[in-house]
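What TrEMBL says about this protein:
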TRANSMEM  77-95  transmembrane segment
TRANSMEM  107-125  transmembrane segment
TRANSMEM  137-155  transmembrane segment
TRANSMEM  167-186  transmembrane segment
TRANSMEM  193-213  transmembrane segment
TRANSMEM  233-253  transmembrane segment
DOMAIN    266-555  domain 'Protein kinase'
BINDING   K295  ATP binding site
REGION    433-452  region 'Disordered'
Amino acid sequence: MIKDLSTGRSDALSFEASQLDSRLPLKVVGPGDATLDAPAEHADSQEEFCRVHLVEGTGGELTGETEQLLRSRLRSASLVLASGFATFLLWHLSLTKLATNLEFYTLLSHIAVTVALAGIGLSLCGKCTKSIASLRWLELAVFGLPIAFFVLIQFGKTVDMVENKDVHPGLSAVWLLPIFVYALFIPNAWQRAASVIGAMAAFPTIVTLGIAISNDAVGSILVENTSILVETILVMSTAAVSAVWGVHTINSLRTQAYQARRLGQYKLKRLIGAGGMGEVYLGEHQLMKRPCAIKVIRPEKAGDPKVLARFEREVQATAKLSHWNSIDIFDYGRADDGTFYYVMEFLPGMNLSELVRRYGAMPPARVIHLIRQACDALQEAHEVGLIHRDIKPANIFAAARGGLFDVAKILDFGLAKPMDDLEAANLTQEGTITGSPLYMSPEQATGDREPDARSDIYSLGTVLYYLVSGRPPFENEKPLKVLISHAHDEPVPPSVHRREVPDDLETVIMRCLRKNPDDRYQSAAELAAALDDCESAGKWKFADARSWWLEHDVLKEPADEPQQLVG
Ligand SMILES: Nc1ncnc2c1ncn2[C@@H]1O[C@H](COP(=O)(O)OP(=O)(O)OP(=O)(O)O)[C@@H](O)[C@H]1O
């Protein structure tokens, strides 16, 4: 029994109807299945990317990416400090009279530090790679040189003070500069930052005390003005604590972003698309550097056991198949935060729904070329006891594989069930429908009998119809009406929509679309043989496919540029 629940009159069955008029695949959901959204044209924005929380528990170590980050940050820090020093140098030049040796040496040191910082910054160019040890030495130089210079300045000021019988000049604000530049620019664990920043913060006090101990005049001035020392200690401690807190905050954010781009051994590069159940990312195995597609269950759905059950079924069903025209599954896993994912071969190319939407109906020879391959993959699935139950244009991919183009790959065995499970399956309860109405067999639509391999043959017939004519056999704004048409109406022959459809191919399609499964081809192999007998068979060769793809220049190749960590 089917109820029209698109009007909200029952919760047993609901439809995603928003895209029906545009001939996109529709989805039906029921209590035994996941809620299937209409395929979203997902923005491949980083925002969307980072929305997914994937936790592996790595991060923070000095990996190649952290080396890259440290290098670029060190470069920025040294250039920022060099610019600051250069500006002060100009000011220094306009003020200094070079009356004393100390002033002369101070000026020379100022020039030397400025040049050294600029040199280090420029040497850390974008493409060069450096060992972590050498980067840490450069880090010491970038922050050590300014500090050494400030010690010199403080020494000069103290000498001035003694000569002029003045009070101690107090804390110079320049000491704060390396502390905050370090905190903002250098990626670090907070503990390491605390020791480096702590040392930097202690310097003014240590230097002042050192001079006071070695020089009685300074010592006695300090004894009379202890508030100067207390003030220095307070200001520098406050600055150090704030800077370390900042490092900790920045580090946590960076780690989160880092983890959001990793899943087990895989690096997530970009979002390819999203379906009802999950998102598919282009990824790469960290060690093998092999591109792959990673399907991740949507975090908001991860808690629903039915969705997980379907996800797991999809992996297990697909992993049983070894045919060249079925998608290869490499891995299946669960991250620490409960995110489920499976890893499959990455397919450069386009699914058939996208192909027709973009380029219109296909020439019959190409249709036969693609669906003939899909038949082979389905035959294997049927032989191991699996029926797909969601054959539709979006689930057949025209891929570039092994140097060939238009290699058909069947995806998304999410609804596949072993044939002998069907009786018991929750999915076959009254009022429950799974699949996409536009491509659904009459027996799936009505639930009158259990779908078998011939149900996939019907759906493959609807895909053939869509490919040759650019539209599915039945269209209506109401999914329920589409289902009723599948159950009861005779489809209009595709040649009515597109005259170029040859008679023999049309006959094959119309036989796939018979209401009674006994009247259809009885197996995918039988359908393949019927397609082979069509006059257009064999006329679209891999060479034609190659020319088509090269001419249209739309192959989605994996981006091989390394993704940086945040910042
Ligand atoms: N192995 C793959 N390589 C390249 N693209 C892929 C791969 N697998 C899926 N895609 C693409 O990723 C997008 C999302 O795929 P997904 O299977 O989640 O969606 P769907 O089939 O539209 O949804 P549903 O799971 O609800 O049927 C689609 O555009 C699909 O063509």
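Glycine residues also receive a Cβ, built from the backbone N, Cα and C atoms like all the rest.
Automated prediction, rather than curation, is the source of TrEMBL annotations.
A Cβ distance under 8 Å defines the sequence-distant neighbours of the transmembrane segment (77-95), meaning residues of its chain 6+ beyond its ends; these are 107, 110-111, 113-114, 117-118, 120-122, 124, 138, 142, 146, 177-178, 181-182, 185-186. For K295 (ATP binding site), applying a Cβ distance below 8 Å and a minimum sequence separation of six or more within one chain yields M277, G278, E279, V280, Y281, Y341, Y342, V343, M344. Listed stretches 107-125, 137-155, 193-213 were compared with the transmembrane segment (233-253); the greatest number of C-beta pairs under 8 angstroms is found for 193-213.
If you look at the transmembrane segment (193-213), the same-chain residues 6 or more away from its ends with a CB under 8 A from one of its CBs are 143, 147, 150-151, 154-155, 158, 168, 171-172, 175, 178-179, 182-183, 186, 219, 222, 228-229, 232-233, 236-237, 239-240, 243-244, 247-248. Counting only same-chain residues 6+ beyond the ends of the transmembrane segment (107-125), those with a CB under 8 A from a CB of the stretch are 71-72, 74-76, 78-79, 81-82, 85-86, 88-89, 92-93, 96, 98, 138, 141-142, 145-146, 148-149, 152.
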